């Protein structure tokens, strides 16, 4: 008797479809994203370490600079120079019809360096001016010289120039001539180099202002100082 083979039909609708293979591009993208995460962490870690070392170096630099400045201050004990106006000589002070004033002054200044171990080199390029009100009467320059420690130097600074004062300032000047109280301002700007022992520092600028009151501006007259007050500041 012949062998009978039974054939069972397949239920195609109930069978799940076979899984689809992921595209090659998507697979590479996932692999790249997974591998980029450790690289990003390493970069951030390196940036943090670099920032920390930079801040530490800046801190050490500031501390070292502060310690150096403190040591120099204690070692040299720097003191501000003293400036004073001792005398004013008027060689010429004339007023023309067009209200132009011609002035020639000779100013005597005492400069005192009180420092024990600091010298001052007064360099070229200085400027000094005499003002009445807001008008510049005349200008001059300081000589070039070296002032040693604990030294007092007396300078005679000539100033010449001319300007127009105007009617109101001329009236004020005439009234002050009668009362014997004429205010003048002298401003100075001097480039210097400071010497600490054997070390020469970079060039800086000394600025000073002296407010004085005199009894007269007549030429060849005995000019007396009613008051004199000077201020000093340093410009780096």
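Each Cβ is built from the backbone N, Cα and C atoms, and glycine gets one as well.
Listed features, source TrEMBL:
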- 1-11: compositional bias 'Basic and acidic residues' (COMPBIAS)
- 108-201: domain 'Late embryogenesis abundant protein LEA-2 subgroup' (DOMAIN)
- 1-37: region 'Disordered' (REGION)
- 50-76: transmembrane segment (TRANSMEM)
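Per-class residue totals from DSSP over the domain 'Late embryogenesis abundant protein LEA-2 subgroup' (108-201), listed helix then strand then coil: 13 helix, 57 strand, 24 coil.
For the domain 'Late embryogenesis abundant protein LEA-2 subgroup' (108-201), the mean pLDDT of the prediction comes to 94.
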